[in-house]
């Protein structure tokens, strides 16, 4: 049976969860709308490929309309493509608050490039993947437009089931690969690569043939595939996806568009690449969280989550959702958290005007709960917390069976004869700092 305190806390969370203004149509599970991974703009990914021998379109990057005009002249191309540089997809069908429609434009006149850039740079571009107000465009890419006579799909990714990298390709490119896999699975080809031996010439040639490259183009495509694999290893990528991986009427194999995902654990040896991380489109609160090594993702609910461990954080979000509520965030403190980080985490959570309650769910097997308690009490005093706070500190003792002996409340009185940690928290007068605190 739940203790009176636990029952009271449960009622509080349910009341918040069921407020009419939050009763929006439900999705199947908690939706994380953003991720704090390395974000590179299109021109940055293409430069990485170009620097490693992968063939891409010739391009320049411009910060002003006059720079875009000069770049268009320098290209001296038959046709020019102008692309707004933001991280969101759907740019071609987006709309600027300047009135310009489309974040991707083709033209043969360099003067038009300058005119279009004037309506792009400094204005917000709204697409299906951006907030309603759109995202400010600070740069444009001015590139040579190439005709594509045929489009294919190519990706290199880490596959857990294969314990290493896998080459995936399809002769049907330019469309979502998931659609091809669903409608024509026979057109998906895979090559498992031994990470110690690397990609073999026979594998690259076989994939090029499966993609439909013939004659001299087959050798050219195989060479590009090997260079992409070398890039994949060199930069510690978890995925390099090229779509389309195409051929031109002039007989060239070109990587027209690419998406690169990086292993964030390799930051210590990929400092130059991670220094290019574009954080300008992140929410300010996410950038602030990153400063203190906190993994924070903003959501659209009103119950803030303060959790240690990504798995427990996800489970906490799901529990709130399954009980009719909506989490305001995903926050993972990690196992090596310090008191200052706890304080900063509370500061971030309370700065969100949507937050109407905070749920602390801590497992002591990977963190010292005294650190959490100290951070919470300091935050509650100095920040003058105004919203209800629900705290669950699960402490584990190292017994003969390992970390498996949780310290729990020993009597019906929540303020006496409880674990030393709970005594400590209450002796810090935490109850006086917060209008409504419940210790579970």
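Note that Cβ sites are derived from N, Cα and C of the backbone, with glycine treated the same way.
A TrEMBL annotation is a machine prediction, not a hand-curated record.
Features reported for this protein in TrEMBL:
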{"type": "BINDING", "residues": "57, 90, 91, 92, 146", "note": "GTP binding site"}
{"type": "BINDING", "residues": "243, 257", "note": "Mg(2+) binding site"}
{"type": "DOMAIN", "residues": "307-394", "note": "domain 'ATP-citrate synthase/succinyl-CoA ligase C-terminal'"}
{"type": "SITE", "residues": "79", "note": "site 'Important for substrate specificity'"}
{"type": "SITE", "residues": "147", "note": "site 'Important for substrate specificity'"}
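The two recorded residues, residue 257 (Mg(2+) binding site) and residue 57 (GTP binding site), have Cα atoms 9 Å apart. Using Cα positions, the member of the binding-site residues 57, 90, 91, 92, 243 nearest to residue 147 (site 'Important for substrate specificity') is identified as 57. Spacing of residue 90 (GTP binding site) relative to residue 243 (Mg(2+) binding site) is 14 Å (Cα to Cα, whole number). Within 10 Å of the C-beta of residue 92 (GTP binding site) there are 13 other C-beta atoms, taking all protein chains into account. Spatially close to residue 243 (Mg(2+) binding site) yet at least six residues away along the chain are 151, 153, 154, 155, 173, 174, 177, 257, 258, 259, judged by Cβ distances under 8 angstroms. Here the recorded positions are 79, 147, 257, and the one with the most other Cβ atoms within 10 Å of its Cβ is 257. The average pLDDT for the domain 'ATP-citrate synthase/succinyl-CoA ligase C-terminal' (307-394) in the predicted structure is 85.
Binding residues for GTP (57, 90, 91, 92, 146) extend across at most 20 Å, taking the greatest CA-CA distance. Note: the CA-CA distance between residue 92 (GTP binding site) and residue 79 (site 'Important for substrate specificity') rounds to 17 Å. Residue 79 (site 'Important for substrate specificity') has 146 nearby among the binding-site residues 57, 91, 146, counting only those with a Cα within 10 angstroms of its own Cα. The Cβ of residue 146 (GTP binding site) lies under 8 Å from the Cβ of 57, 248, 252, 254, 256, each of these being in the same chain and 6 or more residues away along the sequence. In the structure as shown, the Cβ atom of residue 57 (GTP binding site) sits within 10 Å of 18 other Cβ atoms.
For the binding-site residues 90, 91, the greatest number of Cβ atoms within 10 Å around a candidate Cβ is found at 91.
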